[in-house]
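Chemist: Here you go, one structure.
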């Protein structure tokens, strides 16, 4: 019975959870892929409509978990990069204070999302009666499972924290926009100063010069055409006709 595809799929599911706890995302995705394949085999061994419906739902769940873990992997890589930036900010804190703030907010957002996903996973597991690894608190040396009310309260707190962090991130984006605009204005000013110092024509002057040159050329062509004399059309010469018969009669 342990070698039944359904039981093997559950084993792969538990392994995926263990890999996910240790941030081994590729291994976790592979386990969910294996579980989905085993569930397809399990569908062939039963004709019960109820069992087929349950197995189909589990198969869909494992496919969705692959996409979810892939997204978590990308988040993990981003937050790891942000944390590496935080470690390198001890040399010049005044110069890197903006980078520090951005990285700090990114790390906080990732942690909040990760905790929210974990709590949602607990609720999902209980609603679907799946064998999931649940988050536990250690109280007086004993493991206490989180109740549904505790999970909902923690989710509400995390949601509020996430809103606050997103507002901070939006505020930082607005600051960066203002700084970008200021830098553009500074570059334009320095470009004008460089042009004056080197006595170089600016792009505006070059465009005006090209326009005036084209206009002058067209006007010169018109003046030249007006000054040229008009040559009348030459009429072709026709030979004079003499009536020789009148001379003969005389």
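Cβ coordinates come from backbone N, Cα and C, glycine included.
Annotation source TrEMBL lists coiled coil at 148-193. The domain 'Nuclear receptor-binding factor 2 MIT' feature in TrEMBL is assigned to 2-74.
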Chemist: Within the coiled coil (148-193), what mean pLDDT does the predicted structure show?
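Modeler: Value for the coiled coil (148-193), mean pLDDT as a whole number: 74.
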Chemist: Can you tell me how the residues of the domain 'Nuclear receptor-binding factor 2 MIT' (2-74) break down into helix, strand and coil by DSSP?
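Modeler: Per-class counts: 63 helix, 0 strand, 10 coil.
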